[in-house]
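**Student:** Take this structure, written in structure tokens, and hold onto it; I'll ask about it next.
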Amino acid sequence: MAIKLIVGLGNPGQEYMFTRHNAGFWFVHHLAQQFNIALAPDKKFHGVTGRGQIHGSDVRLLMPLTFMNKSGQSVVPMVKFYGIDNDELLIAHDELDIPAGSIKLKTDGGHGGHNGLRDITPHIGNDFHRLRVGIGHPGHKSKVSGHVLSKAAPDEQIAIDSALSAAFEALPLLLDGDIEKARSQINGFKLPE
């Protein structure tokens, strides 16, 4: 099935905008800019939403404004209201277990400790598509909170942006429902040396 809803997970507020935890927001924000999709607050879905054409496909965008650990309060109502099947849903989020500059497309699986996914999966299951944007791990779990809530170093940010660009290039495949080709293209991305 083709992707009909693209969600970017993050935390609302200017103080969080450029933190690693907002990598999902960066993805959706860039899509909205690139394809001239107006984003506006939507109280019904506790988020910022938009709808428009991306590579000829009608797509909805969502950035929850509920803070990361309450993402389900935004995503679940929108999925249910519009009758979005899980295989039509793509959730972009930061991923500690992948180095900055890497990006992976995954379907199914657990929440992997990600609080945004942890709040969504009990309500809709786990068989949706995830765009896992690598932000790297700080080395010890006691440093995770500070890591995700801080800005990436300039070289890391360049690497993350390059990985996001690789996902943008695979978007036509995702929107056409060719998930396996998209997965191969995205997961095969390597930073230039």
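In case you wondered, yes, glycine gets a Cβ from its N, Cα and C as well.
Note that the coordinates shown come from a computational prediction; the quantities given were computed from them, not determined experimentally.
Found this in Swiss-Prot, in case it helps:
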SITE      Asn11  site 'Discriminates between blocked and unblocked aminoacyl-tRNA'
BINDING   Tyr16, Phe67, Asn69, Asn115  tRNA binding site
ACT_SITE  His21  active site, proton acceptor
SITE      Asp94  site 'Stabilizes the basic form of H active site to accept a proton'
**Student:** For the residue listed as 'active site, proton acceptor', just give me the three-state DSSP call.
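**Tutor:** DSSP call for the residue listed as 'active site, proton acceptor': helix.
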**Student:** Which of these recorded positions is closest to Asn69 (tRNA binding site) if you go by CA atoms: Asn11, His21, Asp94?
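**Tutor:** Spatially nearest to Asn69 (tRNA binding site) by Cα position is Asn11.
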**Student:** Cβ within 8 angstroms of the Cβ centroid of Tyr16, Phe67, Asn69, Asn115: which residues besides those meet this for the tRNA site?
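**Tutor:** Result: Asn11, His21, Thr66, Met68, Lys70, Ser71, Gly116.
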**Student:** Tell me, in order along the sequence, which recorded positions from Asn11, Tyr16, Phe67 have their CA within 10 Å of Asp94 (site 'Stabilizes the basic form of H active site to accept a proton').
**Tutor:** none
**Student:** In Å, how long is the longest CA to CA span across Tyr16, Phe67, Asn69, Asn115, which the record gives as the tRNA binders?
**Tutor:** 16
**Student:** How far is it from Asn115 (tRNA binding site) to Asn11 (site 'Discriminates between blocked and unblocked aminoacyl-tRNA'), counting Cα to Cα, in Å?
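**Tutor:** Rounded to the nearest whole number, the Cα-Cα distance is 11 Å.
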**Student:** Given the recorded positions Asn11, Asn69, Asn115, which one is most crowded in terms of C-beta atoms within 10 angstroms?
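**Tutor:** Neighbour-count leader: Asn11.
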**Student:** Would you mind listing, in sequence order, the residues at least six apart from the residue listed as 'active site, proton acceptor' in the same chain with a Cβ closer than 8 Å to its Cβ?
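**Tutor:** The list for the residue listed as 'active site, proton acceptor' reads Gly10, Asn11, Met68, Asp94, Ile135, Val148, Leu149, given in order along the sequence.
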